[in-house]
Amino acid sequence: MIICKTERELEIMREAGRIVALTHQEIKLHIQPGITTKKLDEIAETFIRSHGATPSFKGYNGFTGSICASVNEELVHGIPGNRVLKEGDIISVDIGAKYNGYHGDSAWTYAVGNISDEDQDLLDVTETSLYKGLEQAKAGARLSDISHAIQSYAEPRGYAIVREYVGHGVGQNLHEDPQIPHYGPPGKGPRLKPGMVLAIEPMVNAGSRYVRTLSDNWTVVTVDGKKCAHFEHTIAITETGYEILTKA
């Protein structure tokens, strides 16, 4: 069931989203060669809690981190640990914060130092595909209009959209209806209504679209070992379009 939020609920979710965005700003300052993903996790957890929120991911189905930290060929759900970031890596950081009972959720892929032109293009195309999807997020549109816009931008540029992981509704639960694929034909699915809150999060591979899960039962990697990127915002559908909630 898709739950439309009241204005009171949206006010809380704006603050949850703001805390997520501020945490991303803080983390970005520390993403540099030599830091471990565990240290980034500690910085994020401290920052989230200092703003009166709790990490959405910590303890979620047994997940041990406060953030997901996925490096290079790791797509999503990377467990923070002793991996040391190196010059030329890329790292996808997924952050969730729960504030007064409601969640905000946003992911971003960052360069570690100087990266190759190829990797920068992957990041640029994935980020732009997110915003191409958001352009379709408006009352009266169909859910899959977002999906189609993302795929139509990324795949003609030589990249592959991951099928197994999708966007989702957000609210008092981190993952709510509806599920939102990042591929497919337009004009399908439920009509968008004001008050819907959605996390749109294209995951794009430089090689094939196929992924697998490592033996830790969390970390998802590309089958061919090529790099991948992940960009996500939580948005609210409004009468006139959409509002990004995960912004500072």
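Glycine is treated like the rest: Cβ placed from N, Cα and C.
Here is what Swiss-Prot records for this protein:
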type	residues	note
BINDING	HIS77, HIS175	substrate binding site
BINDING	ASP94, ASP105, GLU232	divalent metal cation 1 binding site
BINDING	ASP105, HIS168, GLU201, GLU232	divalent metal cation 2 binding site
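Here the features listed in Swiss-Prot are painted onto the structure.
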residue: HIS77; record: substrate binding site; DSSP class: coil
residue: ASP94; record: divalent metal cation 1 binding site; DSSP class: strand
residue: ASP105; record: divalent metal cation 1 binding site; DSSP class: strand
residue: HIS168; record: divalent metal cation 2 binding site; DSSP class: strand
residue: HIS175; record: substrate binding site; DSSP class: coil
residue: GLU201; record: divalent metal cation 2 binding site; DSSP class: coil
residue: GLU232; record: divalent metal cation 1 binding site; DSSP class: strand
Within 10 angstroms of HIS168 (divalent metal cation 2 binding site), Cα basis - binding-site residues out of HIS77, ASP94, HIS175: HIS175
From binding-site residues ASP94, ASP105, GLU201, GLU232, the one whose Cα lies nearest HIS77 (substrate binding site): ASP94
Cβ neighbour count within 10 Å of GLU201 (divalent metal cation 2 binding site): 25
Between HIS175 (substrate binding site) and ASP94 (divalent metal cation 1 binding site), the C-alpha gap once rounded to whole angstrom: 14
HIS168, HIS175 as binding-site residues, winner by CB count within 10 A: HIS168
Other CB atoms, at most 10 A from the CB of HIS77 (substrate binding site): 22
Spatial neighbours of ASP94 (divalent metal cation 1 binding site) that are distant in sequence (at least 6 apart) but have CB under 8 A: PHE57, ILE67, CYS68, SER70, VAL76, HIS77, ASP105, SER106, ALA107, HIS230, GLU232
Residue, out of the binding-site residues ASP105, GLU232, whose Cβ gathers the largest set of other Cβ atoms within 10 Å: ASP105
Cβ-based neighbourhood (8 Å from the centroid) of the divalent metal cation 2 site, residues ASP105, HIS168, GLU201, GLU232 excluded: ASP94, SER106, ALA107, GLY167, VAL170, ALA199, ILE200, HIS233, THR234
Other residues, Cβ within 8 Å of ASP94, ASP105, GLU232 Cβ centroid (divalent metal cation 1 site): VAL20, CYS68, ILE95, GLY96, SER106, ALA107, ALA199, GLU201, HIS230, THR234, THR246
